[in-house]
């Protein structure tokens, strides 16, 4: 159809009038312009099409008029900006306009049309979690396994909770899982979403979502897919390929999220309780770091290593550890002592952590308990040692008088630390259990020196002297550093 050429004098004013008629839904005036051969694909400032204006106004009669007069059903509604190249079906899908979506599809809209950013209508529907729209699109042939291009990922998903930081792994199913939308996830799976498209990380995302319903749904679906060349354990023990959880498996994340349900189900279906991530962390470490007694018990009952050690580089996330630990000898119970997790300490003792962990890694536990200023934990440990070695045995005394060998407290015994923390009850308890009043630290300091230097410590000084501490003990120059220390550094 030949279109009228607009004169230079009247073109701008007349064009604005035409666009205004579309914007205000003046069907009669729009039709009049079209009869006078105006271009149906004219744009506002070369950006938005007439069809875009009609769709944003939700004016069905005008939309129909424009389509009947040659507007492109799959034409770009905008040529620049975030909606560049998007069609009417993209917009309607994002706006959750079920009536318009059905109408546009009936007029021949391509349900799999890709914009320059490779965004399809179903991406818009999933992004806004419009489940009914997703269902309509799938019923009309939309790609249930559509993935996010790098451009689309950066446009919409950066900043959301995507632990693998890898857009190639993100498809519609992963998006639904991340948003914890059970209905959407179920719909996609029922319509053939391929769990293997995600390089077996789909279950990892489900675990991270911490949604019990979604985890169960994914496990059940994966179980039903298990054939000769597909094993459930391959999904359960799949690792994140990159990002902050690089090398983590499902069980790691379930422990971090403190989700006993997921932990139990994963182990029952082949989860590796002693799986080691790239940073050296095992599931039991995360169960200790994010303390959950129920999860720790499940792991230990299924063979987790109670003698597992933390790696030094991991301490940076836990200030109390980095302050006190100087090598790869921090045990599960040591961490729990430092963080005063009484219930975790009690559980580990019940599972014989002392006898199952090398003595060179466990010998400082009473020192750490004293440093953390927690009498309840000290009593629990000594009670456990009494059951193992007999009350007041030489082995127990060796723990009570063991000297810390690293850092600024080199040579300190638990009694030194109790005096430093001004904890009269702990001092009394250690003396009752064989603490050596005369034990010297590396700088020559005895417990009495520490007690005297710390202000307002008269009761402890009196107790030490009553139990034989040397009232004439001399200070050495190097133990003046005690003055710089503040009580309760681990508190």
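Cβ coordinates come from backbone N, Cα and C, glycine included.
Feature list (source: TrEMBL):
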REPEAT    46-78  repeat 'ANK'
REPEAT    84-116  repeat 'ANK'
REPEAT    117-149  repeat 'ANK'
REPEAT    246-278  repeat 'ANK'
REPEAT    279-311  repeat 'ANK'
REPEAT    410-436  repeat 'ANK'
REPEAT    443-476  repeat 'ANK'
Residue distribution over DSSP helix, strand and coil in the repeat 'ANK' (46-78): 16 helix, 3 strand, 14 coil
Tally of DSSP helical, extended and coil residues in the repeat 'ANK' (279-311): 16 helix, 2 strand, 15 coil
Within-chain partners of the repeat 'ANK' (410-436) [C-beta distance under 8 Å, separation at least 6 from its ends]: 366-367, 369-371, 373, 375, 378-379, 382, 392, 396-397, 400-404, 442-443, 445, 447-448, 450-451, 454, 456-457, 459-460, 463-464, 467, 482, 485, 487-488
Mean of pLDDT values spanning the repeat 'ANK' (443-476): 91
DSSP-derived helix, strand and coil totals, residue by residue, for the repeat 'ANK' (246-278): 16 helix, 0 strand, 17 coil
Spatial neighbours of the repeat 'ANK' (46-78) far in sequence, C-beta under 8 Å, 6+ residues away: 1, 19, 22-23, 25, 27, 30-31, 34, 40, 84-92, 97, 99-100, 103-104, 107-110, 113, 115
For the repeat 'ANK' (443-476), distant same-chain residues with Cβ under 8 A (at least six beyond the ends): 410-413, 415-416, 418-420, 422, 424, 427-428, 431, 435, 437, 482-483, 487
Positions on the same chain near the repeat 'ANK' (279-311), where near means CB under 8 A and six or more residues out: 247-249, 251-252, 254-260, 263-264, 267, 273, 318, 321, 325, 328-332, 335-336, 339, 341, 343-344, 347-348, 351-353, 356-358, 361
Number of helical, extended and coil residues in the repeat 'ANK' (410-436), per DSSP: 16 helix, 0 strand, 11 coil
